[in-house]
């Protein structure tokens, strides 16, 4: 006999759950989406026009979701701003927003779309998840009315939030997260009154979620991993790449390694804004990633991950980040040290003048130590060892401790710290360490062409970042990127006028 559609769907969902339960791994997918943008305007468009634009983007996302499900993926993450873009004022974004309830309401928009008022976007996302028996993660806008009884209520009588939603394979809303750390340009949105630590359980581990700029801060990013002990973090983002340390694939992979957690990072794709770089990252390195500044195409990534990475034999050991560096004798200040700027921060540099050796450079309480041997020193490339220990205050305020080996843009030392994408110099060995005051350190190795080095380096339990492959591929940077969250509220040190 023929099964009814609800029974058939329930059977498919139950089978998917059983398959997931039978394994300690799961299949993850992320989709880097070239967003179809609305025409810039300060005035709101009609609700019908807003929905038409969002449906164009959801047509593309639905194709990626179907393909991921056909390849066995259990969950897919789509980007921040992936449904309507980012060119908005507070007023012009309003037609794109929906009222998104808390997941406690136990709601499947696909089967009950009008329960909380018009919600065509949530309905369609829910149906994508339900029809393909897959968890779907998307970024949309939430609106919440308020009035004068709330002293924080905006003058237009509503809160507007940059919001992530998750629908399970039945199409049920299981997570809603309001972005807490808004980027400086996100004036169309409100800050939530309190940071949210959003988690949900699946047959393949405990998941948490946050958005883009959140990853640089303690709340909610560190809270989810250290206190809530999630296995996997879902990360919709609209990330603009900044060399040498903050390209998407480089930093997101390093964050997963440093936090010892899976990270599913889905970026928007817009090369004119240097937006590209998505990946599926594990504590032992990238399982798959994409960085494409040559075309405007979207890209689907799929990979297998351990459901509980902290229990995996492949999970790296705990690290005492300053253990080795503190055992190295601190040298007096070298008269060859010089200053340079990286992303508005004043670093202290010393040049690698020989094909190999040992170097130390210090700034404040941070001393960075490097042992190295080049496969061959080139006359047309200059490398430096750099240290930064201070407060970054440009697009946000956060305290950094950074040790870095990096290639300068040219042989002119004044170019050290400027963005570089290509290199020719290979290293027979490198060992980088620092006297960090924080336990939150993220190890980065970036090769020529903005390529990662999964499996080609490791961090020893005494805090040394060393290469495993000999020689390496041509190196752009080797970096230990430390975040000292407790110092985020310190006052900035005055900078010399030449560096302002």
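FYI, residue positions are counted from 1 along the chain as it appears here.
Note: Cβ is positioned from N, Cα and C throughout, glycine not excepted.
Caution: TrEMBL annotation is automatic and unverified by curators.
What TrEMBL records for this protein:
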SIGNAL    1-22  signal peptide
DOMAIN    31-307  domain 'CN hydrolase'
ACT_SITE  80  active site, proton acceptor
ACT_SITE  179  active site, proton donor
ACT_SITE  212  active site, nucleophile
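In this structure, the CA atom of the residue listed as 'active site, proton donor' is 9 Å away from the CA atom of residue 212 (active site, nucleophile).
Here the Cα atom of the residue listed as 'active site, proton acceptor' is found 7 Å from that of residue 212 (active site, nucleophile).
Less than 8 angstroms from the CB of residue 212 (active site, nucleophile) sit 80, 179, 183, 235, 236, 237, 238, 239, each of them six or more residues away in the same chain. The average per-residue pLDDT of the prediction over the domain 'CN hydrolase' (31-307) is 97, rounded to a whole number. Other C-beta atoms found within 10 angstroms of the C-beta of residue 179 (active site, proton donor) number 26, with every protein chain shown included.
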